[in-house]
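**Q** As annotated by Swiss-Prot, active site, proton donor applies to H20. According to Swiss-Prot, the feature substrate binding site maps to D28, H101, Y123, S124, N125.
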Amino acid sequence: MKKTPLLNIALSRTIAGLGHGDILVIGDAGLPVPPGVELIDLALTPGIPDFTSVLRVVLSEMQVERHVLAEEMFQAAPLGLIEVEQMHARGEIGQREVMNHADFKALTRQARAVIRTGECRPYSNIALVAGVTF
């Protein structure tokens, strides 16, 4: 059995297969997933699992070069933004790019996978761009 926090087989496999520049999206329960993009559905019920818990676990296994947020996340100020800001300040999620929500949804077409959480706070979405460990 694995010793790291991430136990979900599909998510673990996806992270292990990421290359430099690949995109992994963590989305709220309402974020649409484009046809052809893998959906890793973790949602059980509203709020479970929440956005920040999933983000923390993903970061335990993924090297992130930069991240992308929708500008609406700053306006709606979901609780997840507090944690994202702290991770950004600590350098855990690399450089930041901000775009409008429509462009963010278009970006998901380039993702290797979208992780659907049970998060129901609006705009609780982040695109993580894979970095390298060397």
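Each residue, glycine too, has its Cβ placed from N, Cα and C.
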**Q** Listed substrate-binding residues D28, H101, Y123, S124, N125 - what's their greatest C-alpha to C-alpha distance in Å?
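**A** This binding site's residues have a maximal Cα-Cα distance of 13 Å.
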**Q** Please identify, from the recorded positions H20, D28, H101, N125, the residue with the sparsest Cβ neighbourhood, meaning fewest other Cβ atoms within 10 angstroms.
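**A** Taking H20, D28, H101, N125 as the recorded positions, the minimal 10 Å Cβ count falls on H20.
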**Q** What are the sequence-distant neighbours of Y123 (substrate binding site), meaning same chain, six or more residues apart, C-beta distance under 8 angstroms?
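**A** Set apart from Y123 (substrate binding site) by at least 6 residues yet with Cβ under 8 Å, we have D28, A70, E72, M73, Q75, A76, P78, H101.
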**Q** Around the recorded substrate site, report the further residues of that chain (criterion: Cβ within 8 Å of the mean position of the Cβ atoms of D28, H101, Y123, S124, N125; site residues excluded), sequence-ordered.
**A** G27, G30, L31, A70, E72, M73, A76, P78, F104, E119, R121, P122
**Q** Fill in the CA-CA distance, S124 (substrate binding site) to H20 (active site, proton donor), as an integer in Å.
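**A** Here the two Cα atoms lie 24 Å apart.
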**Q** Name the secondary structure element type, per DSSP in three states, that contains H20 (active site, proton donor).
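**A** Going by the DSSP assignment, H20 (active site, proton donor) belongs to neither helix nor strand, so it counts as coil.
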**Q** Round to a whole number and give the Cα-to-Cα distance in Å for the pair the residue listed as 'active site, proton donor' and N125 (substrate binding site).
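**A** One finds 21 Å between the Cα atoms of these residues.
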**Q** Around S124 (substrate binding site), how many other C-beta atoms are within 10 angstroms of its C-beta?
**A** 28
**Q** Need the DSSP three-state call for H101 (substrate binding site) to compare against my parser.
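**A** DSSP assigns H101 (substrate binding site) to helix.
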